[in-house]
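Swiss-Prot annotations:
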BINDING   G10, G11, G12, Q13, I14, G15, D34, N96, I119, S120, N121  NAD(+) binding site
BINDING   R83, R89, N121, R152  substrate binding site
ACT_SITE  H176  active site, proton acceptor
Amino acid sequence: MARKKIALIGGGQIGGVLAQLCALRELGDVVLFDIVEGLPQGKCLDIAEASPVDGFDVCLKGTNSYEDIAGADVVIVTAGLPRKPGMSRDDLIEVNSKIMTSVAEGIKQYAPNSFVIVISNPLDAMVTLCQKVTGFPYNRVIGQAGVLDSARFATFIAWELGVSVKDVTAMTLGGHGDDMVPLVRYASVKGIPVMELLERKYGSKEKAKEVMDAMVNRTRLAGGEVVALLKTGSAFYSPASSAIAMAESILKDQKRVLPTCAYLQGEFGVNGYYVGVPCVLGEKGIENIIEFSLDAEEQAMMDKSVAAVKSLVDSLK
């Protein structure tokens, strides 16, 4: 049986980590594409030379030609300029739109049967543009944001409560921006509501809410926190890990429920836009969008987040 093939578009920080993670997990053979000559070739050579030490056995190829992505099962797109301190994700839209259009044309021509996972920012606009240019079915073009945002939320909860991140369940909805919706009511530790644990820790609902509000705010601004510390770019380890979780669920038909930037056609009251919602990811890409009830406060936050997404995406038209 032929090995799976993963194409990574963009040989920067995220692309390099993606290539390494694909190799370490032996998800399939890897093609790393970048327009800069030598960059993807050098990174793939470096990773390949670690294979005897780490014990993985896959083929890694760096390239400057889209022809080499032919036959890819999954394409992960990271190409685009990263954020610098003081920039929002939305500030990148003009330059990254041009890059995404070129990338999507390459994918359409050489990997017409692939599943596409977009990481490039501003995410909600870039995944919309990628689908539009490729013309691929909506279930085959998705965006990575919610897995990362949810992981950040879970991390902060685990730190606050002094528990393993493995036992924290947390999820965000909406756009990948400052108006994202971390779902406090559904956050839990081994099924125990986080708010109840915070109330027990601090002895009052008021203090528990104050602490949770701080974690929600930190989650919304977490990407900018990393950008401010790095000063030269944006996060790359956690976005790569998040995209790999999505790719693995598709390649192995795991049917994991993962927050995914998906095209909505009436779900959650949204029609015709890519928005972050929980989805079942399997061999058909998005196999199911999971809807559930939001209370009035959650719905208001979701409406605000969706409005921000619409404003951003409509600026492309």
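Cβ coordinates come from backbone N, Cα and C, glycine included.
What you see is a predicted model, and the numbers here were worked out from it, not measured in a lab.
Of G10, D34, I119, N121, H176, all annotated as recorded positions, the residue with the shortest Cα distance to R83 (substrate binding site) is N121. In this structure, the CA atom of G12 (NAD(+) binding site) is 21 Å away from the CA atom of the residue listed as 'active site, proton acceptor'. As a whole number, the greatest separation of Cα atoms within the NAD(+)-binding residue list G10, G11, G12, Q13, I14, G15, D34, N96, I119, S120, N121 is 17 Å.
Taking a C-beta cut-off of under 8 angstroms and a sequence separation of 6 or more, G10 (NAD(+) binding site) has the following same-chain neighbours: F33, D34, V77, T78, A79, G80, S120.
It is H176 that, of the recorded positions R152, H176, has its Cβ surrounded by the most other Cβ atoms within 10 Å. In this structure the C-alpha atoms belonging to I14 (NAD(+) binding site) and R152 (substrate binding site) are separated by 17 Å.
There are 27 other Cβ atoms within 10 Å of the Cβ belonging to N121 (NAD(+) binding site). DSSP classifies I14 (NAD(+) binding site) as helix under the three-state reduction. Close to R152 (substrate binding site), meaning Cα to Cα within 10 A, are none of the recorded positions out of I119, N121, H176. Within 10 Å of the Cβ of I14 (NAD(+) binding site) there are 28 other Cβ atoms, across all protein chains.
Across the fold, the C-alpha of the residue listed as 'active site, proton acceptor' and the C-alpha of N121 (NAD(+) binding site) stand 9 Å from each other.
Just so you know, the Cβ of G12 (NAD(+) binding site) picks up 20 other Cβ atoms within 10 Å once every protein chain is counted.
Under a cutoff of 8 A between CB atoms, and with a sequence separation of 6+ in the same chain, the neighbours of I119 (NAD(+) binding site) are I14, I76, V77, T78, G143, Q144, P239, A243.
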